[in-house]
Amino acid sequence: ADFVLVWETTPWELSGQQDGCENRDLQDTSATIHRTWRKNFLDKLHASGICMEKHVARVEKKVVHYLLLSAPWSVLCYYAEELQLRVPLQALSRQTFNWSASVLRWLGIPNLMAQEVPNMPLDYYTCPFKANKLRWFLGSDEQDTFFSATQRHQILYEILATTQYGHSREREVGVDRLLSENVFTAAFPLHEARPHSSSLNQRQVLFQYWASWGKWNKYQPLDHIRKYFGEKVAFYFAWLGFYTGWLLPAAVVGMVVFIVGIFLVFNDIPSQEICSSEEQYWMCPLCKTCPYWQLSEICSTFMAGRLFDHGGSIFFSIFMSLWAVLFLEFWKRTNASLAHQWDCFEFEDIEERPRPQFTAMAPMTETNPVTGAKEPYFPKRNRLHRILAGSMVIIMMIAVVVMFLVCIIFYRAVVAILLFSSGYFLFVASASRIASITGSVVNLIIILILSKIYISLARFLTKWEMHRTQSKYEDAFTFKVFIFQFVTFYSSPIYIAFFKGKFVGYPGNYQSFLGVRSEECSPGGCFIELAQELLVIMVGKQIINNVQEVAIPKLKCWWHKNKFLSSKKMGKEGDLALLEQAPWVMDHQLLAFEGLFDEYLEMVLQFGFITIFVVACPLAPLFALLNNWVEIRLDAHKFICDYRRPVAERAQGIGIWFSILEAITHLAIISNAFLIAFTSDFLPRLYYEYVHDGSLHGYVNFTLAHAPWDSVLQSNTTCRYRAFRDQDGNLTSTYWQLLVIRLGFIIVFEHVVFFTGRVIAWLVPDIPESVKVKVKREWYLAKEALAENKVGCGSSSSK
């Protein structure tokens, strides 16, 4: 058997024990409808030639039915041609390429990451299946093994997804709708034997050489992953491994920059001036009820800020911007090599078929201009109208997120006021820091709640938009959810980096919003606050995610297994011990696979944090690298041991995620330019060094303005505040000179980095020369084959 359908029923002797007559009637009606749909669906499956084998188990107060499905040879051949599945023509010598292996070989360093993995999948020239040319395909005389397990799964899923069980106008089509209506509780392909059995099958190889923690420093067996899970899953792990490898140089440079920062802190004149100032600088209150404070109180915070805010950070932000460009350019090359090796070089353009759900629900048919075949069709104008309507809903949801962000800002201001007025020394001394940290935590909780609501909404809207192919459907869904997640996760750091403390006013003339005074940066400045915010979100979120990824699947699997083992009675078909060991029962106890979206999202958000705000936290790539080493093995273990086997899907790459990564890279260059210019102290220090004093003596006094006369007369106290203003509150010439320098720096920084990035992109070809040669070679072989009238592959023949 290749596929399993599962459903549950309540025995007659227990169905009468339900409370309430009306409730029981409702349940009976629902059960009758479900029974009718199920019978229609299974009858249609039987009529289409599917072989079925039924097993029954009694679990608690329910009877669980397992229907094992397999397709006979004739059905496999018909659908293989229909789906244009690629089958082998000629065996090839396998050529595995790895950029790090090449570098190490060139340097003469032994490669500790290489490993010999058994059962290496063979490589072939392939061609779309044609039943009338069967004899020319390799292995066509062995019907049991000619189609791979993943291809048989694809065929069975296609049949299940397009089988009608009710009225087509009501969209009563396909197993996905039946699963959502609870007519079936599960539908999944079978895993191979559990990883502790004697013979070493594909799943065991992956368990031992990929999911094992002992292999954390080894290359992933990508060809094995592709053979067992399909190209879509394999591309995710290929990208994750590639990204993790590229994080290593970024983490090393980030560590060096951080260590340089530590040495610079101890020789920093402004830090020494602040720490030794004692009562020299009395600072103006940061809020209405806040007290006056001494600048020397922020000695440790200011020094911590200097760890990140120095010239090395500027170099690192340029390095990371160019690193991101290089990373994406070289991923394009790796993607092209893998797509060619895995037979999906032209998948999205030529080979991809309409989604089964689209086929079932499309209102009309039209000729495909590429293939010339009749295909289901949904008018583009109607789809555009639906996309525009969906966009309005998304904009409303994003507005809700912005409202919550404003609430968090109010929360910080109110908490700071309450703590300052509490009278407790500990609270008064660190009121701003407590408000900031608790604000970050509240923000994280709100993000997690809102994302659950929004993802459900995005899934509904994307289905409603009627996208033709699975790739288009997933790209549309991904884009919607990423926009939302981007706003939720990045809104708080963006506010701290670019808006907080920028529109405050000055003593006696403070700006206010809805009666609350505009929030100022904490005494140590916004830069250290941004670094703290990044650490809370990035490290906090990564630890929470990793704990969830370990604990939740284990707890759910334990719960499923425990529920089954607690059952006493069994159905007619077998004994408890035998049934417990049955592969379909063991697979049913695993978790349903819910797609790769969450895995990609976590990594792409992380990529954003280590590029957009890297100037504020040079250690971010190191934390990302440590997380990803764990992430690869956690994800591998989940796929092998905790999840039911997904239906193998083909893909040409990582889809719209690549475009999102490119957008983040461009945004990062702009973000770092503004961070250095307006949030960092780098340019004011440089200005003071050249204009006033090269040793930076007196820099602290230079950055502090005196409170205006009218404010001093009102409060009877003179104080200082951070600004370039005179004693009347007017902006000084220094402010305007610095503004010109800042804007000039942004223009120069962006132009230099963008230009260098463009040059790199131009110098690095998207498709390696070796792949171009192979593609030409295959076109030549396809022509030869066509000339000899061997196989009708035509120009679509590729590896």
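The backbone N, Cα and C atoms fix where each Cβ goes, and this holds for glycine too.
Features as listed in TrEMBL:
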- 2-222: domain 'Anoctamin dimerisation' (DOMAIN)
- 225-778: domain 'Anoctamin transmembrane' (DOMAIN)
- 233-266: transmembrane segment (TRANSMEM)
- 312-331: transmembrane segment (TRANSMEM)
- 387-414: transmembrane segment (TRANSMEM)
- 434-455: transmembrane segment (TRANSMEM)
- 476-498: transmembrane segment (TRANSMEM)
- 603-626: transmembrane segment (TRANSMEM)
- 654-678: transmembrane segment (TRANSMEM)
- 739-764: transmembrane segment (TRANSMEM)
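Panel annotation: around the transmembrane segment (434-455), residues 397, 400-401, 404-405, 408, 411-413, 415-416, 419, 427, 481, 484-485, 488-489, 492, 522, 529, 532-533, 536-537, 540-541 of the same chain, lying at least six beyond its termini, place a Cβ under 8 Å from a Cβ of the stretch. For the transmembrane segment (387-414), the partner stretch with the highest count of Cβ pairs under 8 angstroms, out of 312-331, 476-498, 603-626, 739-764, is 476-498.
A mean pLDDT of 79 is what the model gives for the domain 'Anoctamin dimerisation' (2-222).
A contact between the transmembrane segment (476-498) and the transmembrane segment (739-764) is absent, since fewer than 3 of their C-beta pairs, 6 or more residues apart, lie under 8 Å. Long-range Cβ contacts of the transmembrane segment (603-626) within its own chain (Cβ-Cβ under 8 Å, at least 6 residues beyond either end) map to 240, 243-244, 247-248, 250-251, 253-255, 257-258, 261, 308, 312-314, 316-317, 320-321, 324, 482, 485-486, 489-490, 493, 497, 527, 530-531, 534-535, 537-539, 542, 657, 660-661, 664-665, 667-668, 671-672, 675-676, 679-680. Take the transmembrane segment (233-266) and the stretches 312-331, 654-678, 739-764: counting Cβ pairs under 8 Å, 312-331 has the most.
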